[in-house]
Amino acid sequence: AQIRYSIPEELTRGAFVGNIAKDLGTDVAKLAAANLQVLSDSDSQYFSVNVNTGVIMVSERIDREQLCGQNPRCFLHLKLAIENPVEFYRIEVEILDINDNPPEFPSDEVSLRIYELASLGARFPIQPAQDPDVGTNTLQTYHLSANDNFNLNVKARTDGGKFPELVLERALDRELRAFHYLVLTAEDGGSPPQSSKIRITIQVLDANDNHPVFDRPSYGARLVENSPLGTLVVRLNATDVDEGPNGDIRYSLSSHNSAALRQIFAIDEQTGEIRVQGNLDFEEATVYEIEVEAKDMGSPTMEEHCSVVVEITDVNDNAPEVILTSFSSTLSEDALPGTVVAVIHVRDRDSGEQGKVLCHVSPDLPFQLRKDYEHQYSLLTSTRLDREHVAYYNVTVSASDLGNPPLSRHTILPITLIDVNDNAPQFEQASYEVLVAENNPVGSVLVTVAATDPDSEQNSRLSYSILRAGGTDPGLDPTRYLSIHPTNGQVTAKFPFDYEQTTYLQFQVEVSDGGSPALRNRTLVHVFVVDQNDNAPRVHFPRAGEDSATQFRISPSIVPPALITKVVAIDADSGRNAWLSYQLVEATDLGLFSVALRSGEVRITRALQETDASEHELLVVVRDAGEPPLSTAVTLVVLVEEMGPEALQGSEARAADGGGLPSITLYLIVSLVLISTVSLVGMAALGIRCL
């Protein structure tokens, strides 16, 4: 037979388990006589039987957890042996669990390291508590202390084990809270329940979840243009609440900045100082907006941006600029006043008063500036121009700004005047007087007339020609005797002049320029033929043939100084060349006769004597006053003989004829005086005209 008892564990020694005598229905005395023995299957003797009473008692402490562990049912088996007759009884004692063990964690404290960027819902297992009790007395639940970030999840296994997990319900922020302290409580289902606690320390590991933050969203600075290199613009300050490399900040200029800006500004990556490293020019940019980024050294890198607005203050560092919108370097000299020569645009890259520009030109020039509108001027002619007076101008346009001190720029505009045929040629003399010796060589230059034309190039190319002068003899064509070189004005003779035929010639020379239309001018040329001693005196009386002599008869009683005859000669030349002198160069008796030097009268100088010859031969030479002098000789034969009345009358008649001959010389002298007078009057008139 088998008997089953149930007792709780941890009963004290002697505790009642059951009455075997009663349960077997046997008398107690019989059990005592039957030598009752209790045999156990285990090494320990947990029970004993009181043979006198038949009661089974606990003899040793019974720990169900030690005997059966986590087996939900725990039994101790006993065998009862009695003799006479031998019988065996099997007794099964079920050891019932009591809540004698609280749940126990492996340690009192546990530490977790969790990245602050752990995703929501992440689970973090906690070593479970162990409760050797079974059934309702074993571990039933966990409790987590109140917190903002974690919840508790208890994971139940098929074997009944319960494992706690921390579930991240709210994102961690190391910068807000670096450590979290939690308490996990394990509780069994006993009555009263027992529990144990474990302290959970959670260290939030830094993740690069915070970007650097500038202390200001934007920075401003003001600099003067042309600031020296190295000038501090601004010092930036950014912080990163992360730690370690995640909070180590480096500054740099953003890639959004232009390459030109990067050449002007530089930033210190450690200190965040922005300094000038290039030229600041207000005229290129009045404001610079610098994009700056601050990066931490985390992985991945996080960055933040800010802008730095740098305002540039203008200084008067730019001289005005003069730009020729339209300009003609050549200008016709007949341009009317007000003609536009150039259109000028002025500008100054400075600002304000420093960028206002005033322009002017020298008042001494025939040009003026007209302001068309802001920043534009027109250069105009102010008066009439004359290329012959000034052919070239350098017009200096001066542009000055209103800065302090003012800056200025000077631009020279070269203007060349184009010639207009507005000037007629002008002779150097109003008239020319030329003295030409007769018998001049053919082609000899008589005179060179010269004219000038202040115009230029084609307008000043002169051409000469000969015209007949008004009032001259129509039959006396000057072009018959003269020719003129068309370019150099040299007047040459085509034939030799003969004073005895032509003493005076008057003609006009016309000069014309090469303009279109051509302009002309004339001058008067007076040609006076100068007599040359080219004619020897010619004896008109006494007439005699060649190699013959003229005979004259005189009475032996002739009374001195009786006139024997008169030698009359004419010289076709004029002036001194026609002044004649008479000289007795040879005679039979030079002391007997004389010849008047100027009149040519041949007279007897003394009375004839008987000893004197009856025939006398006289050689009279007529000589002019030219250089060299020319002369003619005449031979006279004087016969001394008694003459009758007829002879005497003939002689007287010849003497009378001889007395009429001197009137020819008088005519010649009068003619010479008249010609000289007319010439002097003409020269005086020309002189007055010139003056």
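Even glycines carry a Cβ here, placed using N, Cα and C.
Mean model confidence for the domain 'Cadherin' (6-105) is a pLDDT of 81. Per TrEMBL, domain 'Cadherin' is recorded for 6-105 (among others).
What TrEMBL lists as domain 'Cadherin' is 106-214 (among others).
Marked as domain 'Cadherin' by TrEMBL: 215-322 (among others).
If you look up TrEMBL, you'll see 323-427 (among others) marked as domain 'Cadherin'.
Marked as domain 'Cadherin' by TrEMBL: 428-539 (among others).
TrEMBL lists 546-664 (among others) with the feature domain 'Cadherin'.
Taken from TrEMBL, the feature transmembrane segment covers 664-688.
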Residue numbers, six or more beyond the limits of the transmembrane segment (664-688), whose CB comes under 8 Å of its CB atoms: 431, 433, 503-504, 526, 528, 540, 568, 570, 574-575, 578, 599
Residue distribution over DSSP helix, strand and coil in the domain 'Cadherin' (215-322): 10 helix, 48 strand, 50 coil
